[in-house]
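A single structure is presented below for examination.
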Amino acid sequence: MATGLQVPLPQLATGLLLLLSVQPWAESGKVLVVPTDGSHWLSMREALRDLHARGHQVVVLTLEVNMYIKEENFFTLTTYAISWTQDEFDRLLLGHTQSFFETEHLLMKFSRRMAIMNNMSLIIHRSCVELLHNEALIRHLHATSFDVVLTDPFHLCAAVLAKYLSIPAVFFLRNIPCDLDFKGTQCPNPSSYIPRLLTTNSDHMTFLQRVKNMLYPLALSYLCHAVSAPYASLASELFQREVSVVDLVSHASVWLFRGDFVMDYPRPIMPNMVFIGGINCANGKPLSQEFEAYINASGEHGIVVFSLGSMVSEIPEKKAMAIADALGKIPQTVLWRYTGTRPSNLANNTILVKWLPQNDLLGHPMTRAFITHAGSHGVYESICNGVPMVMMPLFGDQMDNAKRMETKGAGVTLNVLEMTSEDLENALKAVINDKSYKENIMRLSSLHKDRPVEPLDLAVFWVEFVMRHKGAPHLRPAAHDLTWYQYHSLDVIGFLLAVVLTVAFITFKCCAYGYRKCLGKKGRVKKAHKSKTH
C-alpha cells in the first residue's frame with residue numbers, strides 16, 4: 001500500500017499551472033512597448049512592471065507630447081519629436097472632454113464630435129508618419145534586436161511598425177473600433193447574438209435590435225475607412241506592395257483582451273485570443289493615512305467613491321452643482337476626484353480630491369458604492385472588489401459597459417446630460433440600500449476570481465511565450481489565407497449547386513427523351529391498328 005500525501009489530480013494540475021505561471025522560464029529578452037496614452041496605458045504599465053521584475057529589458061516608445069507616459073524605474077523611455085506642442089495637445093484634449101457635457105442639437109453635437117475626432121486622427125497619423133520616417137530612430141530600433149512588440153492597436157501605427165521591423169507582436173487591448181479585432185483574429189462574429197461595439201445591445205436582441213446590430217457597422221464603414229485607410233497607404237508605401245488594414249492587424253501573434261465572460265457576453269474565440277480582464281486590479285496597496293482618516297470619520301455609514309475617469313477634469317457649473325446637491329443628501333462620506341471649480345453648494349460630507357487610489361478605496365470594506373463613467377478599468381475594479389455602481393457613461397464603449405452591468409443587476413445607469421439631482425440621489429440610495437445590487441456584484445466578483453491563473457501572470461506568460469518561440473504561428477488559423485468567398489465556401493456551394501442543377505437537367509432531358517420515345521411508339525401502334533381495321 002502506498003503511503004504519503006495523496007493530492008487530488010485537479011488540485012495538482014492547478015498547482016503546477018500556477019507554478020509555471022510564476023517561474024521565469026524565459027531568458028532575459030527585449031520588449032519594445034508602443035502604448036496608447038490615457039487609461040489604456042494605466043493597465044499596460046502593470047504588465048511592464050512584472051516583465052521588468054522577471055529580468056526583461058523593457059523600452060517604451062512614445063511621443064514627446066503625451067498625458068501620462070513618464071519615465072519610471074522599471075522601463076526605459078524613448079521619445080520622438082513631433083510637429084505639435086503640449087499646449088496644442090492639451091487644448092485638443094480639453095475640447096474633447098468638454099464635448100461630453102454639451103447639450104446642443106444632436107446634429108450640431110455630432111458635427112462637433114466628428115471635427116474633434118478628425119483633428120485627433122490627423123495628428124496621430126501625422127505623428128506616425130514622422131516616426132516611421134525618422135531614419136535614425138528606425139535604425140536604432142532595428143539594431144536593438146527586440147524580441148517582441150507589445151502594443152495597444154487602438155491606433156494602428158504600432159502595427160505598421162511591428163510589421164516593418166519584422167518583430168512578433170502581442171496586442172494588448174480592450175477592443176478596436178470597426179470590428180478590426182474580429183477581422184484580425186478571423187474570429188466568427190455573427191450579428192444575431194454578438195452585440196456590435198457602441199450599439200448598447202445585449203446578447204438577447206429583439207428583431208429591431210438585430211436589424212440595428214447588422215446595419216450599424218455599415219453606417220460606420222465610411223468613418224472606419226477614413227480613419228484606418230491612411231495607415232494601410234503608409235504601410236503600402238513602406239513595403240512597396242499593397243497592404244490592407246486587415247493585413248496589419250493580422251500580424252499579431254497573440255491578442256491579450258482586457259475582458260472576460262463575467263463582464264462581457266459569451267462568444268466564440270480563437271486560439272490566439274487570451275482574456276486578461278481585471279489585470280488592473282492587481283497589486284493593491286494599503287491606504288495612506290489621509291484616506292484612512294476619511295474612512296474612519298465616516299462612521300457606520302461608510303464612503304462612496306466618485307470618479308469620472310482620468311480625462312474629465314471640469315464639469316459645467318450647473319451640472320456640478322446638481323451633482324453636489326445629490327451627494328449632500330446621503331449619509332455616506334463621498335470622496336470625489338475632481339480638479340475643476342469647487343461647487344458653491346458642496347456639502348460637508350463631500351470631499352474633493354485631485355487624485356484618489358481608486359482600486360484600494362474600492363477594496364475597503366466600508367465602501368458602499370462607486371459613481372463611475374463605466375470605463376472598463378473602473379468597472380473591473382468594482383467587480384474585483386464587489387462594489388455596486390451608479391454609472392454615468394460619457395463616450396466610447398462606456399455605454400456598452402454600463403448596459404452590461406445594468407443587465408447583470410450590478411448597478412444603475414444615468415444619462416449624465418439629462419439626469420437631475422433627484423435622479424442621482426435615488427440611484428445612490430437604491431444601490432446602497434437595495435441588497436440585490438450588492439449580492440449581484442458579489443456574485444460577479446466570485447465568478448471573476450475563480451480561476452487558476454491571475455490575469456497579470458497570464459499576460460506576462462504569453463508575452464514570454466511569444467519571445468521564446470519567436471511568434472505563435474501554430475495558433476494562426478488558416479482562415480487568414482482564404483479569400484472571402486472561400487471562407488464562406490461560396491465556391492463549394494456554387495460547385496455543388498452546379499452539379500445538382502446539371503444532374504437535374506440531364507435527368508430531366510433523359511426523362512423527356514424517354515417520354516417522347518414512349519409516346520411516339522404508342523402513336524405508331526395506334527396508327528397501325530387503325531389501318532388494319534379499315
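Glycine is treated like the rest: Cβ placed from N, Cα and C.
Taken from Swiss-Prot, the feature signal peptide applies to 1-28, supported by sequence analysis. Here Swiss-Prot flags ASN119, ASN296, ASN348 as N-linked glycosylation site. Sequence annotations record features per position, and here Swiss-Prot assigns transmembrane segment to 492-508.
Let's see these features in context: how buried, what's close, how far.
In the three-state DSSP classification, ASN119 (N-linked glycosylation site) falls within a helix. Listed in sequence order, LEU92 are the same-chain residues six or more apart from ASN119 (N-linked glycosylation site) with CB atoms under 8 A from its CB.
According to DSSP, ASN296 (N-linked glycosylation site) is assigned to a helical segment. Proximity of ASN296 (N-linked glycosylation site) to non-local residues of its own chain (separation of 6 or more, Cβ distance below 8 Å) is seen for none.
In sequence order, GLY328 are the residues of the chain that are 6 or more apart from ASN348 (N-linked glycosylation site) and have a CB within less than 8 Å of its CB.
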Helix, strand or coil at ASN348 (N-linked glycosylation site), per DSSP?
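Where ASN348 (N-linked glycosylation site) sits, the three-state DSSP reduction gives coil.
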